[in-house]
Amino acid sequence: MLRYEERKLNNLTLSSFSKSGVSSDTRLYIAKENTDKAYVAPEKFSSKVLTWLGKMPLFKNTEVVQKHTENIRVQNQKILQTFLQALTEKYGEKAVNNALYMSSINMNKPLTQRLVVQITECVKGADGGFINIIKNKDNVGVMNAALVIKGGDTKVTEQNNDVGAESKQPLLDIALKGLKRTIPQLEQMDGNSLRENFQEMASGNGPLRSLMTNLQSLNKIPEAKQLNDYVTTLKNIQIGADRFSQWGTCGGEVERWIDKASTHELTQAVKKIHVIAKELKNVTAEFEKIKAGASMPQTMNGPTLGLARFAVSSIPINQQTQVKLSDGMPVPVNTLTFDGKPVALAGSYPKNTPDALEAHMKMLLEKECSCLAVLTSEDQMQAKQLPAYFRGSYTFGEVHTNSQKVSSASQGGAIDQYNMQLSCGEKRYTIPVLHVKNWPDHQPLPSTDQLEYLADRVKNSNQNGAPGRSSSDKHLPMIHCLGGVGRTGTMAAALVLKDNPHSNLEQVRADFRNSRNNRMLEDASQFVQLKAMQAQLLMTTAS
């Protein structure tokens, strides 16, 4: 249900902003005196007087003038948002977004009838395809053009690709309203409605077209990089025949796929759209914070799509180093780096759901991990009822596994080794698994020698010729405990020390925290054991 205030504003159309007998430079505002409906009115004489006094040093700091100035700011923002909404309803979000992007009109100025005409003409030009014309690669010299409207005349001037500061807030406001409208529609979608109504959904103001238009606004605002990276990850997820970013267009590969897709395939596609819609609520929440005065986010956790065992508020996932599958699906795993070089993949214990376990297995197979190191003790696995996915034979979605135990004699039976065969379609891969059965949570291993021995075992695991270190997220060891921060960070740091005992452990910890989250290597006793291992290695190399 719409709030009462929103319902009152719904009666305002573009014609509401045209006032006969009023100067074209008179400030407009939304009034609601003596009526249950809002209406557009010219600024009152008393308000003009207070505005004039606010320009005089003697009066501008008085309480009445300062209060008036704040009221004017709120009024200006409200009427601009309402006007842009009226424009959007008539010309569509894409035309309004493009016009705001390309226009150099100052959106911080009070809304007047002159400004109403200028913005409307700019949107009409965008709606008529003028934006596309000046963006066309054949139009040399106007690739980075801006529309400048003066007295109704339109000309083209050079500018960079970033939207002007005065247009950022209106763009975000339109995107916020668009997301609030489209997300519930996407959540209500099912396979039948997708097949029957796709053309409507992917055109005009349909939810899929509208969604892509609103999300496109973010890459025009440099400060919104984290938000843009987040939505880019979501748009790059493969659904059916193409990436989700292509689902806002009719007549292409997506529409042809929908026509031929089975009921099961459509159900799976809708399932992905539902989880993406849920993730987009995080973007809406960030927009709300920005609207309330917060700065653009400087960091963001990556989308988890329901695959993570823990909430990102507990175990953060750096979106810049988040691992993604070949179909674009992000998994709750990060690439740990030290000194700019990948060390290992790190994550929490896989969530005990079919989708999460399938994604985890696909990652092991696609990334051809040199080994899988499970650091969760046997006691903890039983106490928390964690799935022993790495031993036995299972089918997780499209992935089939068959794991055979190789040995358990090493280090007094503390480490079990398995060879786990993975298959998915035509792809096959066998990965060695090391299960450390006696490493308590938040504590070090029983001995420093066992930590060094384990590091050697991980480094020497080299299945199918995969290198132990890589320049990408392939052919790296995959390490996890329960949360993927303490024991996992300790194991990865031990690998760094085996490569170079002179490595600065404080810097290793800092780099791991930058590449995954600020909880990496958080347990003091485990860090002390790393220092002891480093001392042993340095003594050995010196002798």
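Cβ coordinates come from backbone N, Cα and C, glycine included.
According to Swiss-Prot, the protein has these features:
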{"type": "ACT_SITE", "residues": "C481", "note": "active site, phosphocysteine intermediate"}
{"type": "DOMAIN", "residues": "162-293", "note": "domain 'Bacterial Rho-GAP'"}
{"type": "DOMAIN", "residues": "315-543", "note": "domain 'Tyrosine-protein phosphatase'"}
{"type": "REGION", "residues": "35-139", "note": "region 'Chaperone-binding'"}
{"type": "SITE", "residues": "R209", "note": "site 'Arginine finger'"}
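For R209 (site 'Arginine finger'), the number of other Cβ atoms no farther than 10 Å from its own Cβ, over all displayed protein chains, is 22. Distance between Cα atoms for R209 (site 'Arginine finger') and C481 (active site, phosphocysteine intermediate): 42 Å, as a whole number.
For the residue listed as 'active site, phosphocysteine intermediate', the number of other Cβ atoms no farther than 10 Å from its own Cβ, over all displayed protein chains, is 25.
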